[in-house]
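Copied over from TrEMBL, here are the features:
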DOMAIN    103-220  domain 'Phospholipid/glycerol acyltransferase'
TRANSMEM  7-27  transmembrane segment
TRANSMEM  39-59  transmembrane segment
Amino acid sequence: MAAILDYLGYFLGGYFALTVALYMLSLVVPKAAFVARTLASYISMLYATMFGVIVSILLRLVGQSQIAQWATGRCFKYLMVLTTGITFEVEDPKGHMKKVRPAVFIGNHQTELDVLMLGCIFPKYCSVTAKASLRKTPFLGWFMSLSDSIFIDRQNSKDARQAMSGAANEIRQKRQSVYMFPEGTRSYAKDPMLLPFKKGAFHLAVQAQVPIVPVVVPNYSHILWIKGMVFKAGTVPCKVLDPIPTIGLTAADVDQLTNTTRELMLKELIELTERVQGRKIESVPDKYEGNGVAKTTGAEMKIAA
């Protein structure tokens, strides 16, 4: 055991020294900052997930597991400020994140840095959805299991349907909110854009009869742009829009609900990006044809049935 701790100490010491050296090198070679902040982000996430496992166990023992993801997110937020100088600032003048519960919160998905965005904005009594394969991931998977995350097996439509149904039940019975990314994957775009929306989040909100609360983050390629090896310190705002009610809606209304919500978020995305980056957005890159709504397949088709 002592030998293992020694090796771990050497590893962490070397990791820290390498990160500091790269930060210093970035004063001469700017792209070194990309590697330095990447390393700092990974170690910050590792510490936050270990903290998350411990705090999830403790909170579960006292019957407060629903706030575990909020507590862990805040831990990650402060670690990232210290190690990378990056944070997200929540613009929520009407206090929707605190007042609206339960709800299905949705946001645009850009890069891995959105994990930090969740850490900054995540409300209490809310959980994320995740791929079932993450359940077996050390620390992160353990934390997500202990903190009542909703796992969806996208390769098994029956399990996915049951997971979504379980999420709806938790929303109604436990007043448990859920945060989802309707694009389904990261865009990695240099300019503001939204990928087509999948309809799972909207079916879930309609099924649970709870409001949808859109959260819009401006394009932050000036902070992180992986293809250009750009990774800088800075603050990115994220704006909470007014809740969209779903009471009385049915599966037949989901297409229109998805379209309307995406258009609202895209408009806000452009305006926020113009303000943050200080430039006029002449056009929105869109290599996808159609109305921006992904076709329903697999589990989502079963949810709609």
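Using the three backbone atoms N, Cα and C, a Cβ is placed for every residue, glycine included.
Just so it is clear, the model here is predicted, and its values are computed rather than measured.
Mean model confidence of the domain 'Phospholipid/glycerol acyltransferase' (103-220) amounts to 84 (pLDDT, 0 to 100 scale). Within the domain 'Phospholipid/glycerol acyltransferase' (103-220), the DSSP-based counts of helix, strand and coil residues read 47 helix, 23 strand, 48 coil.
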